[in-house]
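Per TrEMBL, signal peptide is recorded for 1-26. The feature transmembrane segment is assigned by TrEMBL to 228-251, 293-321, 327-351, 363-388, 394-416, 458-483, 489-513, 525-554.
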Amino acid sequence: MLKKMAVIRWLVVALLLVFRIQEVRSGASDHKYKEKEEVPIYANKVGPFHNPSETYRFFDLPFCLPAHLKEKPEALGEVLNGDRLVSAPYKLPFMVEKDSEIVCRKTLTKGEVFKFRSAVAKDYYFQMYYDDLPFWGFLGKVEKDKNDPSEERYYLFKHLHFEIHYNKDRVIEINAKADPNAVVDLTEDKEVEVEFMYTVRWKETNIPFENRMEKYSQSSSQPHHLEIHWFSIINSCVTVLLLTGFLATILMRVLKNDFVKYAHDEEAADDQEETGWKYIHGDVFRYPKYKSLFAAALGSGTQLFSLALFIFGLALVGVFYPYNRGALFTALVVIYALTSGIAGYTAASFYHQLEGTNWVRNLLLTGCLFCGPLFLTFCFLNTVAIAYTATAALPFGTIVVIVLIWSLVTSPLLVLGGIAGKNSKAEFQAPVRTTKYPREIPPLPCVWGHRIYTIYSILFIVFIILLIVTAFITVALTYFQLAAEDHEWWWRSFLCGGSTGVFIYGYCLYYYYERSDMSGFMQTSFFFGYMACICYGFFLMLGMIGFRAALFFVRHIYRSIKCE
């Protein structure tokens with residue numbers, strides 16, 4: 001117990017150190033400025049509004065280049081997030097107002113006109129950061145031709161208005177709006193003269209610096225506002241809890257009747273033939289087929305569950321404040337690496353309890369069960385991103401860093417955890433004896449069904465409810481299976497819990513075709529590729545939860561009856 005507490009404390013200290021280093025590294029200043037002092041402003045990326053995964057470098061479009069183009073060094077999480085910050089062509093010193101300041105005058109060639117026109121047609125937006133505050137804007141607009149309504153005209157915004165709010169010596173908020181009347185027509189394929197300008201206005205506010213990120217707390221990765229209907233959320237949570245309680249009540253009453261019936265049968269006649277789940281007491285704890293794969297799945301699921309708990313813990317203490325660039329991705333990589341020992345220990349320990357002998361093969365299977373499909377998916381999608389020259393394509397140096405983390409941290413911890421699990425003295429606790437030969441299993445109809453309900457703002461609450469529902473439904477279906485005298489419940493309980501991942505992926509299909517406006521090969525491949533990895537992770541994690549709940553239930557009921 002003391003060793004486990006020491007490991008947990010070490011993990012927490014390591015995580016806090018990582019995020020403290022990132023915070024110091026990402027902060028260019030203490031965010032206090034004097035009048036006329038330069039405030040850092042960076043251009044990040046551009047991309048189609050409806051394709052969030054398809055983003056490109058800001059200067060992939062022919063904007064005005066600053067006098068000194070400088071790239072901002074990015075942390076690991078920022079690179080994984082697709083951030084590529086460079087010096088912006090605007091100068092916004094603290095408390096300095098400007099009127100129609102000219103950025104540059106340039107003649108757009110036919111090729112540049114085509115680039116801008118294509119971007120406007122696809123509803124391209126830009127993202128920038130001013131004093132670490134993100135802001136967005138659209139590049140242009142599309143309107144019907146006044147002379148021919150069947151034709152469309154494409155306009156590029158050339159005048160940007162910045163409205164900056166400050167409190168004493170700190171920047172609190174920034175908004176960027178384009179002048180809808182200051183546009184240049186890009187409809188025709190011809191050279192165009194354009195003069196890019198911007199205006200700056202400063203306004204005082206009483207909002208404290210500590211609360212300046214609150215306006216983003218209800219935003220998604222793009223400037224949408226997520227509406228939260230609290231009544232619907234509470235209603236759904238209460239409904240799920242009532243259904244869970246209803247199921248638990250019915251199951252307990254059925255089990256009570258079973259216990260009474262079996263106790264009466266024992267007193268009535270010793271030679272009376274057993275029926276129901278008691279009939280298979282000699283087979284219910286027979287080890288499953290492919291026990292190495294089963295143990296590896298439990299280990300990977302336990303690791304992902306631990307990863308989820310750490311992520312929720314960091315989120316609840318405020319580490320992932322809105323638009324803390326790359327913090328979430330950094331956390332995922334670091335915590336996954338540090339928790340690999342949990343996967344190794346769980347898999348090897350359970351494999352040892354199932355009397356497995358090839359523990360090296362079991363560890364290799366555990367290490368590759370989730371990382372293998374994720375790596376193959378990444379290779380394909382990164383190749384697609386490189387072909388599109390998108391910011392989602394990881395640089396070679398970042399890939400090397402990830403490989404080093406996997407080689408120097410993940411793998412050694414996995415092996416150490418596996419050795420500890422292999423040498424553990426834990427034995428599989430079976431309350432009844434397993435017979436030498438298995439009984440024949442009667443044919444059973446297939447049963448499947450589950451629900452998932454997620455809302456980001458109360459994700460932790462819904463996550464807990466999801467775990468409860470998964471556990472109870474798996475227990476109920478396991479009982480029905482045992483009552484039908486089918487003793488091969490091990491894999492089915494895992495698949496029952498993990499089936500939620502399949503449900504989520506099915507919903508992804510519905511969302512893509514019915515609720516979103518995503519299009520294009522890159523966005524489609526990224527959406528379905530990475531959602532497949534996420535759903536696979538849910539499959540392993542919830543499968544582990546389902547099996548653990550079913551194992552607890554099966555041990556309990558067979559411990560409560562008398563079996564010879």
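Using the three backbone atoms N, Cα and C, a Cβ is placed for every residue, glycine included.
Heads up, TrEMBL stuff is auto-annotated, nobody curated it.
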Stretch with greatest number of CB pairs under 8 Å, the transmembrane segment (363-388) reference, 293-321, 394-416, 458-483, 489-513, 525-554 candidates: 525-554
Residue numbers, six or more beyond the limits of the transmembrane segment (327-351), whose CB comes under 8 Å of its CB atoms: 7, 11, 14-15, 18-19, 22, 75-78, 80-81, 291-292, 295-296, 298-300, 302-303, 306-307, 310-311, 314, 319-320, 359, 362-363, 365-367, 402, 405-406, 409-411, 413-422, 424, 426
Top Cβ-contact partner of the transmembrane segment (458-483) among 293-321, 394-416, 489-513, 525-554 (pairs under 8 Å): 525-554
Stretch among 293-321, 394-416, 489-513 sharing the most Cβ pairs under 8 Å with the transmembrane segment (525-554): 489-513
